[in-house]
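A.B. asks: Per TrEMBL, the features are:
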{"type": "TRANSMEM", "residues": "B:6-27", "note": "transmembrane segment"}
{"type": "TRANSMEM", "residues": "B:69-88", "note": "transmembrane segment"}
{"type": "TRANSMEM", "residues": "B:100-122", "note": "transmembrane segment"}
{"type": "TRANSMEM", "residues": "B:134-154", "note": "transmembrane segment"}
{"type": "TRANSMEM", "residues": "B:174-192", "note": "transmembrane segment"}
{"type": "TRANSMEM", "residues": "B:232-252", "note": "transmembrane segment"}
{"type": "TRANSMEM", "residues": "B:258-284", "note": "transmembrane segment"}
{"type": "TRANSMEM", "residues": "B:296-315", "note": "transmembrane segment"}
Amino acid sequence: MLSLWRKIRRTGRVAEPAPSQPSEELSVAAELGGSVQIRHVDAGSCNGCEVEIGSAFGPVYDAERYGARLVASPRHADALLVTGPVTRNMAEPLRRTYEALPEPKFVVAVGDCARNCGVFAEAYGVTGAVRDVVPVDVEIAGCPPRPEEIVEGLRKLTGR
Amino acid sequence: MNALGVIGGVLQFVLVVAGSPFLVGVMRQVRARLEGRAGAGIGQPWRDLRKLLRKESITPRGTSEVFRIAPLVLVATTVVVAIVAPFVTTASAVDSVADLFAVVALLALGTVALALAGLDTGTAFGGMGASREMTIIALVEPTLLVSIFALSVRVGSTNLGAIVTSTLQDPARVISPVSLLAAVALVVVIIAETGRLPVDNPSTHLELTMVHEAMILEYAGRDLGLVEWASAMRLTAFLGLLANLFVPWGIATAATPVALLAGVAAFVIKVVLLGVLLSAGEVFLAKLRLFRVPELLAGSFLLSLLAVTASFFLAQPH
Amino acid sequence: MNLVHAGLGAAVAVGVLSALLALITPRRLRLVPVGVGTVLVGAFGVLAGAVAVAGQAYSVEIPALLPLFGVSFAVDALSGLFLVVTGGVAIAVAVYGIGYARHGLDGRGVQAVLPLFVLAMLLVPAAASVGTFLVCWELMALTSLVLVLAEHQQRDTVAVAGRWYAVMTHLGMVAILIGLLVLVAHSADDSFPALRAAATNLSPVVANVVFVLTLVGFTSKAGILPLHAWLPRAHPEAPSHVSALMSAAMVNLGIYGIARVGFDLLGGGPRWWWLLVLVLGALSAVYGILQAAMSSDLKRLLGNSTTENMGLVLVGVGAAGLFASAGDDVLAGVALSAALLHVINHAAFKTLLFLSAGSVLHATGSRDLDALGGLRAGMPVTTWGFGLGALAASALPPGTAFVSEWLLLQALIHGLPASGAATAIVMPVAVAAVALTAGLAVATFVKAFGVGFLARPRSSAAANATESPVSMLAGMGLAAVACVTLALVPSVVLPAVGSASTMTLGTAQPAVSGQVTLQLNGVAGALSPLLLTVALLVVSVVLVGAVRLIAARRARRTARLWDCGAGPLSPRMEYTATSFAEPLQRVFDDVVQPEQDIDVTHHQESSYLVQAVEYRQRVPDRLERRLYEPVLRLITAWGSVARRLATGSVHRYLGYGFYTVCGLLILLVVIR
């Protein structure tokens, strides 16, 4: 326990200084008022984006400081964070998850696969991009997108 | 019902209702800083609540009124406790409700309402959360009762205000074995009751490890806002009770502005201090396996039993 | 004209008349007159009791009625209280019984015995001589036995339960008989006043023998450890309204007996009597609620909860005796008032709970919580009734048990070093036991209500359940009104409780007073259940208004249950009563010691492939294992030894006779 305490003191703050606020804020998201609870849905991803989402919410990039937080149930969430091309088996669950969200609700498509199926385009098991299944509000490009880009995309929703 | 009690009741109501989200904010901020993060600021829980109150509520198909009323019962019981318990003043707005048994039972009633709501959904997670929460409360409620009884035996009254007043008059009691044993037992059960580490992880996403969160998985919007608000208020109320039962100094005993101001300041400082300690302690702990939790609680029950036995032996006949 | 006399007389007349009426009317027309008759018997009982509690003394002797010792009745405040409780329960049960007639419950025997059972329960507390008391007690035992056996043609388990009940209640009766006869042997005659007079110069040994023997008998009636084994068997197997009568009224008479013999006839006693009572009570409370928490049979759960509540009452009685023997009249008054108030409260909510359980049984044919669920849709009134009863039973505000348990705890924590080291050890343990009971009761009744009535139906019977007939609902309604009244304004019964406890203990003033706020007299303590409820309601209303004001006006939406996006959730995925209680059972593993066995069947082709896994778990009554089985084994062994003597040969039997006569003659010769 003492060693942990020493480690905490030695490490100090690891969060990088906050970059300036992105210029374009989603006007529809103003109702959220700086608080966005997020439910993550893996619609068929290779887990590359998951690793980056993990570090976006880790200490270094600390997405939580802008008011974004991952939650356990879509009922608690304001936004879906969807990764991967939507596979046939995940199309219906994704739709249901979207329906389970209380209004107002948003969808963030993370990664090239979620935007346009990426390398999996036209594959036999893929239904399509996220926007083919549920309406998408924010898209974050990259394969996988860097944590900064994910944080920046989320800040469009939180407005902070 | 006197002037001090009424003013105190109003002050406590405002403090607990408006202040409890800030307490949660402070605790999250402390944790964030210890983890090397920047943190969302102490106002974030308030932003969350404001947003949740704006969102729509959802009634899952196949649930009944129990599901809809439960958040209301949870908040109402907590607010009544916040008004009557001795937080800012020793007098109570409704003195005949400020009884230890009543306060503990009111807080338990809120938990029961939520557990019934969890069962009402008929989902596996709801039932799981309810079952676990009831197992915990079946051990927590007796410990709470017995440990506060240990304090009330020598006072000769179960009125919380009377217990606090008597500690004010006789400060040496705070370091008696009775107080120390009861304090340790109370800390353990408060951790369990408010769902903090190592009993329950308030920020878990893994359904199988959930206790409190599993019961409220179906709540959305306004309902969820009420539940979260109530959780914050319960945390404040429990920490306030812990603080004032053992370190009551600063609490207002007269209805003068200075005394009341001092009472408010003392309450805020004590509760925030306890909150900071609690969240700092959590950084060093991992969650216990669910079936180790009862051992912890049984241990605290034993401590409280020792406390009450000690109080019977140490008490002077009066 | 003496109203007690009139009330009791009318009750006897109406009771006998309804029994006769049941015998002669045809099946179709039988239920209503018997129901109305039983209601009247109950009502006259309430009248007689209420008048007696208000202060009208009454006693009568009818020497001609029974040969040898005659019959004598007397009603004082303590008897009056129990008359009121029994009568009140009988009214609700009788109204309910008019509609509760399936499985041949409208048969001649059952319907004729029901009013007699109520009558017997009214006469027991009114009896004023040992002879009368024992006759009424036996009448009560026999009539209840007939009622327990009412459904013996439907289920085999009824006969087993009946056997247990018959044996244990009669062993208890024998203990009471011997105890009281020992007392009578030392007094002028068998009337209670004579016994009271004789008790003042009774030798301690005799007094101890009398108290212990009667305690054994009375605790076996009240379902107290270790003589509780019949209770969780007989109460579930009896028809539900009979269970209500037994659980809410009959068991109380065990408490009455202890109070009557211990406090009144023997005039208090040494401290260890009451320590024994208190410890038995505390053990029963914890053990009973633990068994209830593990139980998934709705009526068995309620039966175990009766053991728990009678245990709490005995804690109060024991504490009252302890304080009285230490000369602390104020605390003794508080403790006995708590006990008596809990008797009343328990009667109210247990009636409601058993009647609701009967309604469920009536609609679904099942009392297995694992197979119920979702009843709120088809049976809203029953659900509300059971919910109210569960709230009352779990010692949460605004419920009835909350008030009496508060009072009980007040008595315990004020029991300071007034009476030395024994108290200093026993009181904390008693406080802990009561607190543990309160916590476990919450879990138990959340399970019973949440799993049984909320959630989704786990069987087709539960899914298709429909509400019960009006008279059953009316009976439940009466009990529910009593529950709500007792929870909000317990002051309506406080005078009765006060006068009963002052009379029993011989103290000057009642221990608890007040209208809105219950105020203890002599020690600090105040609680207002009414203000508490009002505060909760006001805060709720303000809250609803405030949320309307500040929250956005988005309409509430109905959506499908969150099933993680996958297929629909089936009722098989729900938590059942067994799974709900599993964590608690693990916690108390050492105490309850559940038995599990797992059968794994493999495919014939390969032992690596599992065909089926069967898992069975049973939570046996451990005390029963430890205490009863050795005794039963001993009796069986005796029986088989005796069987060796009885070979069936007539010559041998003649030989036994011959040798016995010879032996006796030789003995006579030797003695003379």
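Using N, Cα and C of the backbone, Cβ positions are placed for all residues, glycine too.
What TrEMBL says about a protein is an automatic prediction, not a curated fact.
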A.B. asks: What else in the chain is close to the transmembrane segment (B:100-122), if you only count residues 6 or more beyond its ends and a Cβ gap under 8 Å?
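C.D. replies: Apart from its flanks, the transmembrane segment (B:100-122) reaches 60, 62-64, 66-67, 69-71, 73-75, 77-78, 80-81, 84-85, 129-130, 133-134, 137, 141, 144-145, 148-149, 152, 158-160, 163, 193, 214-216, 218-219, 227, 230, 234, 237-238, 241.
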A.B. asks: Check the transmembrane segment (B:232-252) against each of B:6-27, B:69-88, B:134-154, B:296-315 and return whichever range has the most CB pairs under 8 Å.
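C.D. replies: Going through each listed stretch, the top one turns out to be B:69-88.
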A.B. asks: Are the transmembrane segment (B:174-192) and the transmembrane segment (B:296-315) near each other by the rule of at least 3 C-beta pairs under 8 angstroms (pairs 6 or more apart)?
C.D. replies: yes
A.B. asks: For the transmembrane segment (B:258-284), name the stretch out of B:6-27, B:69-88, B:134-154, B:174-192 with the most CB-CB pairs under 8 Å.
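C.D. replies: Maximum Cβ contact count belongs to B:6-27.
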A.B. asks: Using a Cβ-Cβ cut-off of under 8 Å, list the residues of the same chain that are 6+ residues beyond the ends of the transmembrane segment (B:6-27) and lie near it.
C.D. replies: 40-46, 48-49, 79, 82-85, 87-89, 91-94, 229, 232-233, 235-237, 239-240, 252, 255, 260, 263-264, 267-268, 271-272, 275-276, 278-279
